[in-house]
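K.L.:
Can you keep this structure in mind? I'll have questions shortly.
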Amino acid sequence: MISLTPSLFLNKTVVPGCSTRLSLRQPRTIITPPASLRVFSSLGSNQDPTGSVLIETTATSSSSLETSAADIVPKSTVSGGVQDVYGEDAATEDMPITPWSLSVASGYTLLRDPHHNKGLAFSHRERDAHYLRGLLPPTVISQDLQVKKIMHTLRQYQVPLQKYMAMMDLQETNERLFYKLLIDHVEELLPVIYTPTVGEACQKYGSIFLRPQGLFISLKEKGKIHEVLRNWPEKNIQVIVVTDGERILGLGDLGCQGMGIPVGKLSLYTALGGVRPSACLPVTIDVGTNNEKLLNDEFYIGLRQRRATGEEYSELMHEFMTAVKQNYGEKVVIQFEDFANHNAFDLLAKYGTTHLVFNDDIQGTASVVLAGLIAALRFVGGSLSDHRFLFLGAGEAGTGIAELIALEISKKSHIPLEEARKNIWLVDSKGLIVSSRKESIQHFKKPWAHDHEPIRELVDAVKAIKPTVLIGTSGVGQTFTQDVVETMAKLNEKPIILSLSNPTSQSECTAEEAYTWSQGRAIFASGSPFAPVEYEGKTFVPGQANNAYIFPGFGLGLIMSGTIRVHDDMLLAASEALAEELMEEHYEKGMIYPPFRNIRKISARIAAKVAAKAYELGLATRLPQPKELEQCAESSMYSPSYRSYR
């Protein structure tokens, strides 16, 4: 597997100065909330003397400024306009002005600040102190009751996309309540926030787009990406999830509308891994799209051009990666998400030695699948080296999983990696990958080209290779046909079948099909969720090989240890930590993944194992090493509970 070597620098960006020329008379003293004084909209560049700025100063006392229209000197101006008695520029529409506002986060403004808003949970004392009287109904309710109320509302919706939109709206109005809701009801809401619903949300992103989430960097920003990153209001970024939208789940090229993926992933970093929301930055790199339907869609929000490739693409990505390091330092995690195969492998290889990069499609998927296979050994016995693996799909996920399995076999059995690969076979769109095809296949497939006669059909490959484990990463639905599953069941007492493609419509087979066609003997897991299946009086609970088991805890482990490079051994440590979470009660139901309801505890344990491995390898920079890493992970997690305001 590709060994990653990341490095980033953490430096603090200086906020440019504000040039709005306001002359104020003697200020009056009033009580202010513990929020911030906001002057203006976005961050301007250092070269712009009249650049628009956002200034935030935390209130340390109970005094602030209050002015009336009469307090403003009539001739003071903003960006050259002629100011009237009300402090507004009396300019024509043709005269450029600087749009600005002066507000304190209290009262009406406080209710519309998602970071501080508590809705009806503001106490009577807080309502008096922060000018909220009359702006809210008189009742005061707890955060728990708010959660109960919203869950009641969400359950009235019949369409998953409606639930998704309601959750995104909540995130933009009351951040802490959003995360409280997601943490408390993670098993029910995870399919809403992420797969499979996020796939439909990305497909319809232009139609449902209301307000921007994340940072959009297009070819139009080439040469200015450093300044664009400074427009983001938060400066202490710890995790970036970035996509170029070319391979969104199993849905293909969705261009700029792939932003739903970074937003969703980072929501899970916070809810499941405890990374602060303010430390997360979703980014979409827009280089166009080859999706004709989107190019002709009047609601499409991205560049209306064919996708840039080659040098133009590489230069934009290199500028982005360089700017990230300059702005946020060398210890920020950069997670590549849903890039096309060729770019995914190239970016990982190119920046693995200079940045702290992680590809969830290659490495996260591999780690969670390996965890499931380790757990499945409880049912089938033996070690991984005793099994034979056949993959349908030889892209990022397929080759990434195959390489991590081979690495685990190599380490546990003390055999060369090349020898460990011989029990792993891959099938792509042209059939079984064999030595005779070596000259015509992509470089990342070549390690899996073994000596064998060519085979075109999957069912024939199953009969010839006789695998004990069948893994689907093809992105093509219904490819594990009845013939394929029945053949696996004839060859094995307990065939392991993993149908990993997302979303549900692209799954190689359903849970019901796997259990029925194998007479209830299959050990099954999927990429998208399936309901429990009853077969001949026994209830089977299909596992979901969801990357959300791994990447939140993995990222937290990197952050808490100050790791400067991702190493393959960290992925193995994460897999083993997840497999250890299975209890006897889970095995009795045929499960190879633990329930999601304990995901924060699981993430803390994964983080501890990843951090421990980083310290062992000498890649951690946060010294000295904490004695209790799991306790350290738990204590560093973000809490969504409301805070009391003075």
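All positions are counted from 1 along the displayed chain.
Any Cβ shown, glycine's included, is placed from N, Cα and C.
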K.L.:
Would you identify which residue of D297, D361 Swiss-Prot lists as part of the divalent metal cation site it also attributes to E337, D338?
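P.N.:
Candidate listed by Swiss-Prot for the same site: D361.
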K.L.:
At the level of the C-alpha atoms, what whole-angstrom distance separates D361 (divalent metal cation binding site) and A397 (NADP(+) binding site)?
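P.N.:
With the alpha carbons as reference points, the distance is 6 Å.
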K.L.:
Whole-number answer please: how many Å between the C-alpha atoms of A394 (NADP(+) binding site) and K265 (active site, proton acceptor)?
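P.N.:
Here the two Cα atoms lie 24 Å apart.
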K.L.:
Compared by Cα position, which of the recorded positions Y194, R247, K265, F391, G400 is the closest one to D338 (divalent metal cation binding site)?
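P.N.:
That would be R247, nearest by Cα distance.
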K.L.:
Could you give the Cα-Cα distance between Y194 (active site, proton donor) and F391 (NADP(+) binding site), in whole Å?
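P.N.:
One finds 25 Å between the Cα atoms of these residues.
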K.L.:
Going by DSSP, is F391 (NADP(+) binding site) part of a helix, a strand, or coil?
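P.N.:
DSSP assigns F391 (NADP(+) binding site) to strand.
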K.L.:
If you count other CB atoms within 10 A of each CB, which of A397, A406 wins among these binding-site residues?
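P.N.:
Max Cβ neighbours within 10 Å, all protein chains included: A397.
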K.L.:
Give the distance between the Cα atoms of A397 (NADP(+) binding site) and E337 (divalent metal cation binding site), rounded to the nearest whole Å.
P.N.:
12
K.L.:
Rounded to a whole number, how many Å is the Cα of F391 (NADP(+) binding site) away from the Cα of K265 (active site, proton acceptor)?
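P.N.:
Here the two Cα atoms lie 26 Å apart.
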K.L.:
Taking E337 (divalent metal cation binding site) as the reference, which of R247, K265, G400, E403, A406 (the recorded positions) have a CA within 10 A of its CA?
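P.N.:
Hits: R247, K265.
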